[in-house]
Amino acid sequence: MKSITKIFLILGLFAFLLVAFAPSSSVATVNLESDGYTEAEAKLIEEKGEKFTFQTEVNKLMNIIINSLYSKKEIFLRELISNASDALDKIRFLALTNADLLGEGEQSNLDIHIKIDKANNVLHITDRGVGMTKDELVRNLGTIAQSGTKEFIKKVSDSAESSNLIGQFGVGFYSLFLVADSVVVTSKSNDDDQYVWTSDSQSSYTIAKDPKGNTLGRGTRISLHIKDDSKEFLDQEVIKQLVKKYSQFINFPIYLYVSEEVEIPKEEQEDSKPITDDQVEETTTTTEEGEEETTTEEEGQTEEKKTKTVYKWEELNDSKPLWMKAAKDVTKEEYTEFFRSLSKTQDTPITYSHFKTEGDTEFRSILYIPENPPSNMFDLEAAGSGLKLFVRRVFITDNLKELVPNWLRFLVGVIDSDDLPLNVSREMLQQNKILDAIKKKVILVKFISMIKELSEDEDKTKYNEFFKKFGSSMKLGAIEDQANKKRLTKYLLFPSSKEELTTFAGYVERMKEGQDQIYFITGKSKDSVEASPLIEQAIKKGYEVLFLVDPIDEYLVPQLDKFDDKYKFTNLARSGVKFNEDKEEEDQRKQTAEEFKPLLSYLKKTLSDKLEKVVISKVLADSPSILVSNSWGVTANQERIMKAQAHQANAQPQFNSKKIMEINPSHPLIKKLLNRLNEFGEEDETTKVSAHVLYETSALTAGYSIDNPTNFADFIYKLMMINGDSLAQTNFETTKNENSGPSVSFGDDDENQQQDFQQPPQSTHDEL
C-alpha cells in the first residue's frame, strides 16, 4: 500500500510540476578536475557555462525521487546502463538509413564502457550511442519526467525497431544520486558540439561547451562522484556482480576496465639480485613501477618473483539471451546449461518450453520444470522465485507474486516482454491486462501444456516421478485456481487398490458396471489405508478404492464435488456409504438391523457421550466395528492433520464432535455381544466393559486418537481378568469414572493375585 501511495504521489506531482529555468549566479558544486579537466578548463566551464536553478517544488520532487522512489541503491547502475543501451539503439536505428552516422574505426563499435577511478572516487560510464545536443541535455536531463527515449519512440512509433528502447520515464537518470553527490555528463551528438552538463542534485545544474573539444567522437560519458557511504560501488567485483544480475543480456557489449596482478616472466625481469644466506624469511616489497617482488630461500637456493598490475577491458555480458533465439537453433545442451545458470544447481530439468507469443502483447520465454523442488517451495514469505522477469533484456525482478501463483513457485525460467509497462522506478509492476495475459497465457497455459506432454508419453516414469515431487503443488493449484481446476484435475495422480498411480479418468475406465461413485479413503500412508477396515467391503465387492495419503487431499476433494460433472466422490470414512445392492441384499440388511436393534440401542445408550448413533455397517467385511464421521464431522485423518497444525500454532482446537459407530453383524464378537446382552441384560458388568473396549478399539482402527489411554488400559485389564477368572474369585475394585465408564483398580494382595492368574478356575462367562 505504501508503494502504491508513493507512486500516485509522484505521478501526481509529475502532472502539475514543470521545471522553470531561471538564470542564476548559483553554480553546482562539482569537482571537474577529478574528471580530467585542468584547473583552467574547469574555471572556463564555470565562467562560460549557462547556469540554471531548479524551482523549489522541483527540488522537492528530486528529493522524493532520490530518497523514496528506489528501494535499493544498486539500481542506479541498471538504470544508467539501460539509458546507454537506449542511446545505442537510437544510433543503430538511425544508421539503417544513413550508415555514415556510425563513423569509422572504433567509433562504429556500439558498446558500453565502465571505468573506476578509485583515486578520485569517480565512476565513469561511457556509451557510443546517439549522444545529446545542448538543447537535448536541457530537455532530457534538466526536465524531470521528460524522457528522450519517450519522445524518440513517438517519432518512430511505426517502426518495430523502437520496441528495443528501454526507457519509459525520465527519472531513471536521477537514480545516480542515490550513490553520487554530484555528476558530470559529457555528451557529443553528430548534430552539435560536445557539451558538459554538471549538477549536485541540490540546487542547480550547469551546461557548457566542452573546452577539451570533441574527445568522445559520439556518445555520452556519465561521471559519478561517489558518496563516502557508497564507495562499495568503486569495487570492480561489485560492479561485475551488478552487471551480471541486471544487465547481462543487454544487446550491446559492456566492458569494465579491470586490474589484475600478473607474474613477470623471469626473462623479462631486470636487476635480479640473489639474497644472502641470512635471509630466511619471505619478504615482499613494491617496486617503483608498482611491481611486487617476492623472494624466498629453500635449501640454499634463491628464487625471485615479481608481479605487476595490468589493466584491460573485460567484457561482462558475453552471455547472449537464449530466449531471443529461435527454438530450432538451440541445442539441448544449451538449454540445460542455461537452466543450471538460472537455478544455481547442477540438475537436469525434467522438461522445458521455449516459445514466443504474438498479438496484442509480445512475450518471449523459456520455462523449465526442475528435477527437484526448491527448499522454499511452500514458503510464501520467501523472497524471489525461480522465474525472472526481463523487459527488453533488462532484469527487473524475480519477486513475481503478481504473475506466478503460489503453487507454481517451483518453475524456473525467464519471461521477457517488450510491451510490459513499469512504474517510474521500474521496480514494481503496474497491475494491468498485460500482466494478466502473462499469468494466464504464458505461465499457466505453457505449464499445463508441458505436463500434458509428459503425461501422454508412453513411458509414464518421467511424469510419475514429476508428480511424486510436485503433485502437492498441482493439487494446491486445483484448489486455488477455480478457472483451471478441471484442467489441472485431469493430471492428478493417486495410488489405489488396483494401480500404483492412477488418474481419475483411469479410475473411471475401470469402474464396475452401474458404478457412479469414486470411492476413496484418506490417511497417513498407503500402508495404513490398505490395512483399514473401512475398505474391506469395497474391496470384497470388487470396487477400486483411491488412497488419498497426501495431507492436502483432505482439502482437495471437497473442492472437486464431482469428476467430469458426473461421478461423485465418496469418502469411506464418512457415514452413508452406498454400494449397488439388489432387492435381496436390501431386505437382508433390514432384517439384520431389526435383529440387532437391542445391541444398537444399548451401545448408543451406554456410549451416549461419545456417539451420535450406532448402525449396521456397509463398509465392514472382516472387522467387528469401526468409527466414522457424519457428512460434516471431522474424519480421523482430518483430526490428525488439524492436531498437527494446532501443535505448530501452539493452540489446542476441540475435536469433541460425536462419532458414528458401525458394527459388523456377521462378526463372531458382535454376535456374542448381542447374545450376552439378551441373556444377562444391560446391567451386566462384562457387557459394559466390552462396550467400552469395543468403542476404543473402533476409534483406534479408524485412526482416531484415544482421549484417555489410562481408562482404556483399565478396561483391557478388567476384560483380561474377566476372561481369566470369575468376578467373585478375583480381588479387584471397580470404580466409576463419570466420563469414561467403569475402570479397574487392583487390591493390595499381590501374591493372591499372582496365584489366581497362574491357576485360574474355569470361567462361567462367555469369552469375548
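Note: Cβ is positioned from N, Cα and C throughout, glycine not excepted.
The structure displayed is predicted, hence computed values, not measured ones.
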State the residue range annotated as motif 'Prevents secretion from ER' by Swiss-Prot; the candidates are 341-344, 657-660, 745-748, 765-768.
765-768
Swiss-Prot has ASN83, ASP127, ASN140 down as binding ATP; which of PHE173, PHE177, PHE233 does it also list for that site?
PHE173
Using a 10 Å radius around each Cβ and all protein chains in view, which of these recorded positions has the most neighbours: ASN140, ASN317?
ASN140
Local Cβ density at ASN83 (ATP binding site) - other Cβ atoms counted within 10 Å:
25
Within 10 angstroms of the C-beta of PHE173 (ATP binding site), what count of other C-beta atoms is obtained when all protein chains are considered?
22
Taking DSSP three-state, what's ASN317 (N-linked glycosylation site) in: helix, strand or coil?
coil
My understanding is the cutoff is Cβ-Cβ under 8 Å with a sequence separation of 6 or more in the same chain; which residues meet that for ASP127 (ATP binding site)?
ALA84, SER85, ALA87, LEU88, ASP111, ILE112, HIS113, GLY219, THR220, PHE252
